[in-house]
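First up is the structure itself, then whatever we jot down about it.
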There are 2 protein chains.
Amino acid sequence: MEDQEIRNAGLKVTAPRVKILELLENSDERHVSAEDVYKMLLAANEDIGLATVYRVLTQFEEAGLVEKHHFEDGYSVFELNKGKHHDHIVCITCGRVEEFVDETIEQRQQKIADELGFQISEHDLVIYGKCMDDNCDRKG
Amino acid sequence: MEDQEIRNAGLKVTAPRVKILELLENSDERHVSAEDVYKMLLAANEDIGLATVYRVLTQFEEAGLVEKHHFEDGYSVFELNKGKHHDHIVCITCGRVEEFVDETIEQRQQKIADELGFQISEHDLVIYGKCMDDNCDRKG
DNA sequence: CCAATAGATGAGAAGCTTTTGCATTCACTC
DNA sequence: GAGTGAATGCAAAAGCTTCTCATCTATTGG
């Protein structure tokens with residue numbers, strides 16, 4: 001049940017929070033923007049304001065339920081925190097996002113951070129490129 | 001002379017363009033925002049509008065004179081293109097940016113991109129962490 | 001089960017960075 | 001040096017996100 005997750009986060013169990021969490025858990029698309037969530041809610045006939053979507057997503061992030069990423073698009077995307085760490089590769093043309101994990105890179109990153117005096121607490125690595133998808137022109 | 005670089009980029013040699021390029025070349029800070037540039041121009045008693053700063057920086061980027069990065073701050077930063085590729089590690093607290101190059105990571109990235117069907121034409125890798133700088137609290 | 005209260009919500013306004021429209025000004029060509 | 005197309009400054013607008021505030025609701029205790 002989503003209720004408990006929300007309660008554990010120290011938040012009241014309200015309709016918007018439950019609906020948004022359900023949505024994130026059932027969405028085909030793992031990486032969604034606040035606007036995406038808002039549109040999905042409208043499509044599901046839920047009367048939830050965009051401001052609330054932003055507020056709830058931010059609270060979920062603070063509670064560790066979701067992760068927020070910026071990428072180079074001008075807006076933020078959120079994804080359900082699945083516990084295991086992973087990095088992202090983002091298509092600069094169509095916005096497609098793939099996840100990956102590479103132990104070698106992890107280790108090198110750690111080494112570089114150590115050398116430069118950085119503590120990778122909020123670990124977040126993004127590669128940007130161009131994907132070879134057939135319909136790689138506009139987001140779809 | 002900056003004039004030739006600007007001319008080579010297919011742009012008219014105007015005061016704003018020369019001033020901004022000079023500024024980028026002489027600034028202590030390699031990674032500056034449009035706002036930073038604008039403020040530096042004001043400080044130098046140059047009467048150049050913010051819109052022009054954005055336009056010029058964008059043109060410089062298209063011409064390959066500078067590189068633009070977003071990082072997770074809400075605004076973009078620009079740096080003079082020094083030709084040699086490098087990646088960035090950014091402090092999520094104070095915004096400090098360090099550059100690094102790691103051949104192993106380069107190779108692994110290439111491999112990952114290949115496997116996932118991405119072509120790394122616009123190569124851009126960013127690590128986010130927390131730096132251990134003494135005055136790591138607010139940008140400065 | 002109801003009242004009290006701290007917190008949550010919706011709608012719109014506001015904030016920030018970046019872009020655009022337009023009249024004026026300027027760099028380059030002849 | 002005049003003509004022309006590009007460049008500039010200003011203000012307005014756009015796009016994403018946050019804030020304000022009056023209203024409403026989940027939770028707690030009686």
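Sequential numbering from 1, following the chain as shown.
Cβ coordinates are placed from backbone N, Cα and C, and glycine is handled just like the others.
Residues or ranges marked as Fe cation binding site in TrEMBL: A:His85, A:Asp87, A:Glu106, A:His123. Residues or ranges marked as Zn(2+) binding site by TrEMBL: A:Cys91, A:Cys94, A:Cys131, A:Cys136.
A map of TrEMBL features onto the structure.
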| residue | record | CB count, 10 Å |
| --- | --- | --- |
| A:His85 | Fe cation binding site | 12 |
| A:Asp87 | Fe cation binding site | 21 |
| A:Cys91 | Zn(2+) binding site | 23 |
| A:Cys94 | Zn(2+) binding site | 16 |
| A:Glu106 | Fe cation binding site | 17 |
| A:His123 | Fe cation binding site | 15 |
| A:Cys131 | Zn(2+) binding site | 21 |
| A:Cys136 | Zn(2+) binding site | 16 |
Query = Select from the binding-site residues A:Cys91, A:Cys94, A:Glu106, A:His123, A:Cys131, A:Cys136: which have any Cβ-Cβ contact with chain B shorter than 8 Å?
reply = A:Cys91, A:His123, A:Cys131
Task = Would you mind reading off the Cα separation of A:His123 (Fe cation binding site) from A:Cys131 (Zn(2+) binding site), to the nearest angstrom?
result = 24
Note = Rounded Cα distance in angstrom between A:Cys94 (Zn(2+) binding site) and A:His85 (Fe cation binding site) is 24
Query = Using the Cβ centroid of A:His85, A:Asp87, A:Glu106, A:His123 as the reference point for the Fe cation site, which residues of the same chain not in that list have Cβ within 8 Å?
reply = A:His86, A:Val101, A:Ile105, A:Gln109, A:Asp124, A:Leu125
Query = A:Cys136 (Zn(2+) binding site): which of the binding-site residues A:His85, A:Asp87, A:Glu106 is the nearest Cα neighbour?
reply = A:Asp87
